Amino acid sequence: MTNDSKLNDSNYSITTEELELEEKSLGESVDSIGNNGKKRNSISHGTNNESQEEPLEQKKDKSLHRFYKPPHFIKNVKVQRAMSLAWGIFAILASGTLYGFSTISNEVRDTLGYSQTDIALAISMGDVGMYIGLTVGFFFDYFGPFYTNGLATILYVVGCTGVWALVQGHILNSVGLLSFFLFLIGQSSYATFTACVVANVHNYTITHRGKISGVLVGMFALSAAVFSLIYKFFFQNDLGGYLLFMAILLSIVSLIATYIVRLVRIEGVEEPETLDDEKKEKNPQADEIVEKQIQKISKDEESNLGSSNNSIGDNKSKLLFVLNGSSSSVSSSSSTPSESSTNSNSNSTISQINPIDTTNPNFLDGKRDVTGLKLLKMIEFWGLWIIYFFAGGLSIMFLNNIAIMAESLKESDSIHSNLVIVFAIGNLVGRVGMGFLSDLISKKVSRFWCVVLSSLILTLTHLICAFELKPLLYPATILTGIGYGAIVSIMVLMASFRFGPRRFGLNFGFLALSSASGSLIFSTVSSKIYDGLSESSVDGKCYGNHCFQVSFLMSFALNLFSVFVGLFLIFYTKKTDKKELNKKN
């Protein structure tokens, strides 16, 4: 008699021996299922390793270490890191030469027969090239430091050689052509800056990145002072020789950087985890295995033992216990050894493995990975964009007009290079100081306070300059340099910390576009005002404090507006950051 017919016969009763036999059969079935699960786990450590390699490779491809780097003749990675930082400092020091173009701007203007508006336009196009980083930033994000420094080398050769040839009269004299060559130099400067900053900053832990970034961007500012001194002591009255020297030096430095500047993989220095929904989702593999194995208990066996529910329940518990053990192994096989120790019996979320201290006002530093349209939809991004548009653009307006301001105040010609050097020193202090300050206060107050402080320095300085510039020319120059250096330094950090390092080139390119457009607009407006006031003069030049009074009042009002935007971002991000974290969790 079959089991089904036995159960359907109401006169038939299950004997103790038959019940024990059925339980034994089911137990063997459960044990077989458990063993199969264990075998699958042991196989998964072997054959499934091949299938696990693919997602691991995909994750690696998203990191900054995916970029090509030529074989290094030194095998010690810490020495490689030190060499990369040292040459990165030197390369950035050389690449900021456009900051010092104001030293030779009057000489270039007179040599080529340009008006003040013409030379201001050409210099502004160089600034645009230096800050419109969408092109080379996008290039860096896809090709890395090696190819980006290679691109910079080519652009330096074309741009610097072109300016030299134009000034020497070897090619057609044109404001548009000079603007184009300066734009190429600006693009090469940004390429060198991005490659050296991103590579070297991310060779160190997140606790030191503000300091490293401050030193690197500070060298970019110091470049103007260094090259102004070189011109003053070695190339005075030899404009052509100075331009040729720049072309050779910048090309060689950038070419060497292609080999030395690199991302170095060092133990203990990792990219910060991001709040990625995919990383936070539970591993579905374990649940699928449990469900499939439970379904292997045939309905016939369950119906045969309908009168022994307790035994069935015990065996199901046994099955779940076995499979849960195997599922945890499956989960651990797809994670790193350090993760498997913490994920022994459950699939933890990122917040469980690395709990975020929300008492730190900057707890989202490095936890985002934002770019593209998502970046452009963020109020936070546009707030920073507006601040950089005004603070950065108006500071560059001041720098571009340093020589003509000194001339309008009837200062000697020698003061031009001195003012550029003073501005560069202030720029250096602002950049390095803000890098250290942001790290110092990051555990107590929001980094956005650094943005407010930078704008406030420019606001107060230019208010005073509007009414009393001549006796305060040097202090105004150094304070503007500090304010400008500080805003650049904190914007670099914000682009990396708030939006993520993986697309820094493109993200900071979007952000730097504001400074580029601001410098072009405000420098042009300031030059137009100056030219308008110069029309009634005998020699076509304006003299006196009133020549730039309107420009300084404009700068005061717009920088004051930037201060209020920064205050808004402090309170806005305080609310939205916690909401974003809760949403991700």
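Positions of Cβ are set from backbone N, Cα and C atoms, glycine also.
All TrEMBL annotations are machine predictions without curation.
As given in TrEMBL:
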- 1-61: region 'Disordered' (REGION)
- 1-14: compositional bias 'Polar residues' (COMPBIAS)
- 82-101: transmembrane segment (TRANSMEM)
- 89-266: domain 'Nodulin-like' (DOMAIN)
- 121-143: transmembrane segment (TRANSMEM)
- 150-171: transmembrane segment (TRANSMEM)
- 177-201: transmembrane segment (TRANSMEM)
- 213-234: transmembrane segment (TRANSMEM)
- 240-261: transmembrane segment (TRANSMEM)
- 328-354: region 'Disordered' (REGION)
- 328-351: compositional bias 'Low complexity' (COMPBIAS)
- 382-403: transmembrane segment (TRANSMEM)
- 415-436: transmembrane segment (TRANSMEM)
- 448-467: transmembrane segment (TRANSMEM)
- 473-496: transmembrane segment (TRANSMEM)
- 508-530: transmembrane segment (TRANSMEM)
- 550-573: transmembrane segment (TRANSMEM)
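Away from its own ends, the transmembrane segment (82-101) comes close to residues 74, 123, 126-127, 130, 149, 152, 182, 185-186, 188-189, 192-193, 196-197, 199-200, 203, 212, 215-217, 219-228, 231, 246, 249-250, 253-254, 256-257, 260-262, 264, 399, 420, 423-424, 427 of its chain (Cβ-Cβ under 8 Å, at least six residues beyond either end).
Tallying C-beta pairs under 8 angstroms between the transmembrane segment (448-467) and each of 150-171, 415-436, 473-496, 508-530, 550-573 places 550-573 first. Between the transmembrane segment (177-201) and the stretches 121-143, 150-171, 415-436, 473-496, 550-573, Cβ pairs under 8 Å are most numerous for 121-143. Ranked by the number of CB pairs under 8 Å to the transmembrane segment (213-234), the listed stretches 240-261, 382-403, 473-496 are led by 473-496. For the transmembrane segment (382-403), same-chain residues at least 6 beyond its ends with a Cβ under 8 Å from one of its own Cβ atoms are 99, 102-103, 105-106, 120, 123-124, 127, 131, 416, 419-420, 423, 451, 454-455, 458, 462, 477, 480, 483-484, 487-488, 491, 494, 510-515, 517-523, 526-527, 530, 548, 551, 554-555, 558-559, 561-562, 565-566, 568-569, 572.
Across the domain 'Nodulin-like' (89-266), the model assigns an average pLDDT of 88. The transmembrane segment (121-143) makes contact with the transmembrane segment (508-530): 3 or more of their CB pairs lie within 8 A, with pairs spaced 6 or more apart in sequence. 508-530 is the stretch from 150-171, 240-261, 508-530 with the greatest number of Cβ pairs below 8 Å to the transmembrane segment (473-496).
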